[in-house]
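Student: What TrEMBL shows for this protein is this:
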- 141-179: domain 'F-box' (DOMAIN)
- 248-287: repeat 'WD' (REPEAT)
- 288-327: repeat 'WD' (REPEAT)
- 328-367: repeat 'WD' (REPEAT)
- 371-410: repeat 'WD' (REPEAT)
- 411-450: repeat 'WD' (REPEAT)
- 451-483: repeat 'WD' (REPEAT)
- 500-530: repeat 'WD' (REPEAT)
Amino acid sequence: MTSLHLRAADAGLGFHFQSEFSGGIVNMEPEMEDKTLELMNTSGMESQNLVDDLSPKKNTVLKLSNGPVVGSRKRPSEGNYEKEKEHCIALFDQWSEADQVEFVERLISRMCHYQHGHINSYLKPMLQRDFITALPAQGLDHIAENILSFLDARSLCSAELVCKEWQRVISEGMLWKKLIERMVRTDPLWKGLSERHQWEKYLFKNRTSEVPPNSYYHSLYPKIIQDIETIEANWRCGRHNLQRIQCRSENSKGVYCLQYDDDKIISGLRDNSIKIWDKQSLECLKILTGHTGSVLCLQYDERVIVTGSSDSTVRVWEVTTGEVLNTLIHHNEAVLHLRFANGLMVTCSKDRSIAVWDMASPTDISLRRVLVGHRAAVNVVDFDDKYIVSASGDRTIKVWSTSTCEFVRTLNGHKRGIACLQYRDRLVVSGSSDNTIRLWDIECGACLRVLEGHEELVRCIRFDNKRIVSGAYDGKIKVWDLQAALDPRAPASTLCLRTLVEHSGRVFRLQFDEFQIISSSHDDTILIWDFLNVSTNGQSEGRSPSRTYTYISR
């Protein structure tokens, strides 16, 4: 029977295959790379049987080498190939899609790995879809913008370089503006920078003539990153500008407590007064008097200031007028600390008790429960919706249920009385007269880390997501790496980032945020340590020029 060489190829699928079967040997020549397919068949068979005759004879031998597969049979003439190819394509076009797929699968199953690679390279770009470009063409720009809005800064930069259409979607969608807005909403450092550098006025606004183009936000982003890196370096290196308020109390000297916001600092003094300071000019705006003992603790919100005193009372003041709205008389000795939030207030006293109050309004405050269990003065309290946490001179920290006021557990570990504490989420950080700071897991009561470095009683402590800042009777303020402290593998020598020394007396209280520390001391001063606006003109590391305001009582 006369043999007929048929060749078939599907240009649309982009692959070709060539094989010859003779004497049980498959011969594949280097010219296979021209993407051709040779089918062996007889002239009287139907197209479906073309594939069946491709089955190799028994004892087929495939010769492999590092280069192209080499065989002994010669390639048919080019004239025959063109005719055979066209004939096979014509047959292929007549089949249904399902038959075409089955036919191609049979062909691919007979190919070698090298040929599969060629097919894969050809199919990859055919299967890819540029949906960012395709969506706007269908009037769905907002979907393309929404997809790209989830990218971080590095990915957004790369996306702008893909093509002009991607760049247009990013620009018209104001995606750099949206990225900055997302960071400001979720990160206190970004929020603080937006307020201090006044670019917040260009955020969270619809497209108006007041809103700059996308290019403004694109160039703003790296500037913000540079500011953040500078601030972090200033914290690590202790670089700061220092401002000093000299309170100049006439009788007893010392600032026992303070709290601040962007506009003011409110301080409680040993001379029984509460002084309100302008945070920008450092001038004393107002003096509140009424307590007959030192003001040992305070907290304020947008409506009221609540203070506790060594005269055993708690007073509630109107924050704008300074008027006394309420006086709570319950404790038998000095009120050492207090906290309030969401209609609940907790006070603690030298009388060893903790009082839990319901605050319906500034003038309607009622006692809910008294918690008793400490064997010495209760120096500090903190709470959230789940727990009330108290610390005492009896060396213990006690945990109570906020909802029921029932005792939960005791945290033991400090060698001497505990002077300060902060509680948030599962973490409790405490400072003691044993000169150490301890980190605790409130749920299981385990001590996670002991920080050593202060030389005297640790009097005040605060922490955020990055740092712990502590002040002690040695006059020093220490900045600790919180994340390293929570890592049991971190060496103790790496935990203290910086020690700040400017106070000449015991440090009584401090508060801090991403940009500054504000501290008060027995030396009758309030210090503002500014890590954002740092002058580098000839200043040695860790020391910065100070601006002093002296208040003289009349």
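Keep in mind that glycine also has a Cβ here, set from the backbone N, Cα and C atoms.
Heads up, TrEMBL stuff is auto-annotated, nobody curated it.
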Student: State the mean pLDDT for the repeat 'WD' (371-410).
Tutor: 97
Student: Counting only residues 6 or more past its boundaries, what in the same chain has a CB within less than 8 Å of a CB in the repeat 'WD' (288-327)?
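Tutor: Distant contacts of the repeat 'WD' (288-327): 252, 254, 256-259, 266, 268-276, 333-340, 345, 347, 349, 362-363, 365.
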Student: Could you give me three numbers for the repeat 'WD' (328-367), the DSSP helix, strand and coil residue counts?
Tutor: 0 helix, 28 strand, 12 coil
Student: Work out, from DSSP, the number of helix, strand and coil residues along the domain 'F-box' (141-179).
Tutor: 30 helix, 0 strand, 9 coil
